[in-house]
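Positions annotated as domain 'Myb/SANT-like' by TrEMBL: 1-91. Per TrEMBL, region 'Disordered' is recorded for 142-167. Under the heading compositional bias 'Polar residues', TrEMBL lists 142-157. The compositional bias 'Basic and acidic residues' feature in TrEMBL is assigned to 158-167.
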Amino acid sequence: MDEAMLNVFVEHYNRGDRAQNGWKPHVYTAVVKNVRAKCNVDITKENVISRCKTIDRHYVNVSKMLSTSGFGWEWIHNKLMVDSEDVWSNYVRANKDAACYRHKVIKFWDSISLVFSKDHATGTGARTAGESAAEMAAENVNNINTDSTATSSTQTGEEQKRKRYQSDDSIASMLGEKLDNFTSAYKADIAQVAPPEKPSSPEEILDALNAIVGLDDDGLLAAYDILIADDRKFKALMALPERMKKKWILKQINQ
């Protein structure tokens, strides 16, 4: 089911169907349709969103480890590779939630890292501290209005006005405290941002193109020119299933 879902996400990611605030609605429709067809299960958009949240949590935890010295990814067995037990023990001591990943198998990491890295690398789809504070303000104001309506029959106008002023003061104080917390958390996150990835080497690109069955020399050279100039496209190619790579390459050449 994950493979059927991720294949659709990768396809639409390469089409540019990721809007500012997330996937465009028709992408979820395509995912549900593909999973139903390939896996013969009845799922909904809500099921897909729930599964995406789980995968995103794994992505955050694993990518944090991969950005730490001593960690790598074992592509054959689809799990973490650690230089030594000391490296693992020291990391888990500081990050207790990571303990479950020592031997955890996570398939399709190439697709996951392509699709789910967008939010965390660029901040797209993430709420800012100001946006979160605004949401809390709106929620508290709604709660206050509801309370005021329920008790209006027993309170005078002056009592209601005094209560509203007190509530507004409480909201302002609460928002100030929350905004400080958000700012501290944001600074901590910035401090932990991993260095940018090194671009793929010419040898890696050539090896990947040579592995595509049916791609002639002219097609290989044309694809090489495209991928050597755009590392993002190379990563997109590597995330695709083998059966789709040649078709995708030819599409890029003919654009």
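Each residue, glycine too, has its Cβ placed from N, Cα and C.
Secondary structure of the domain 'Myb/SANT-like' (1-91), assigned with DSSP and counted as helix (H, G, I), strand (E, B) and coil, comes to 57 helix, 12 strand, 22 coil. Mean predicted confidence for the domain 'Myb/SANT-like' (1-91): the pLDDT average there is 91.
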